[in-house]
Amino acid sequence: MTDVESYEPLIRQILSAPGVDLSTISAKRVRKQLVEMDDSLSAEFVRENKEEFDKIIGGVYEEVSAARANGDDPKGKRKSRDEEEDYVNGGDGEDEEEEEEEAKPAKTKRAKKGGLTDEEVARQLDSEINGRQRSSRASSTSARGRGRGAKRGGRRGAKSSATVNSDGEVIEDGEPKKKRRGGGFQKEYMISEPLMAVIEVEKLSRPQTVKKLWDYIRRHDLQNPSNKKEILCDDKFKALFNVDKIDMFAMNKQLGRHLREPEPQAEA
């Protein structure tokens, strides 16, 4: 088990906490919450291992999402690592929706790992997800200081307009800002024809796709009565997964094959 894998229980606690809206939470929020909950985890370590963290977050997210859709306890045993390979990562686009944050002082005390209750975690996530306003500090030079600089030949230290983005990367003045993209778990994908025959939409986010699949499963009573995690495929599901029956985690894994990136729109 890698150091990153050891944070899976904490990731599961965050995603399965009461009140957490899986349709709006992002991998970025989960990473930030991890740093806040565990004072031994540094933001730098998370940034350096972002891809591995996101892979684990994605696997736990899909398991929790499927379990909630099925009405099961989302804190069940995590699926095997190979079932996470088709996780669709929202990428850095999720960060564009957040305001730039000033680095927190090193002396800030964070809650000990596991020290927060599920309800406290949910409240924190809810306040962050719904756009809690953050204060930013503005530095200004006094008129007196400017005058003194002019007398010295007009040489002044150039005012730094560099900013730090949400992933801690410095952006210098003059660099073009990234175009806003739809990212995170809300990113919409084009739906394949076999999947479209089941959920009857052409474009949808992955969480909503999972939800519609379970709506169809319940509506057509496709769950195995002796094993609720097993789906007995009707004709449409057989065309979709090419099997007579499939378990819920394998279904989530194979779902990625039926979701594709929308074609980029040509600029006017």
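Each Cβ is built from the backbone N, Cα and C atoms, and glycine gets one as well.
Annotation comment: TrEMBL describes 120-131 as compositional bias 'Basic and acidic residues'.
Among the features that TrEMBL reports, compositional bias 'Low complexity' is placed at 132-144.
Sequence annotations record features per position, and here TrEMBL assigns compositional bias 'Basic residues' to 145-158.
Marked as domain 'DM2' by TrEMBL: 184-261. Confidence in the domain 'DM2' (184-261), given as mean pLDDT, stands at 88.
Per-class residue totals from DSSP over the domain 'DM2' (184-261), listed helix then strand then coil: 42 helix, 20 strand, 16 coil.
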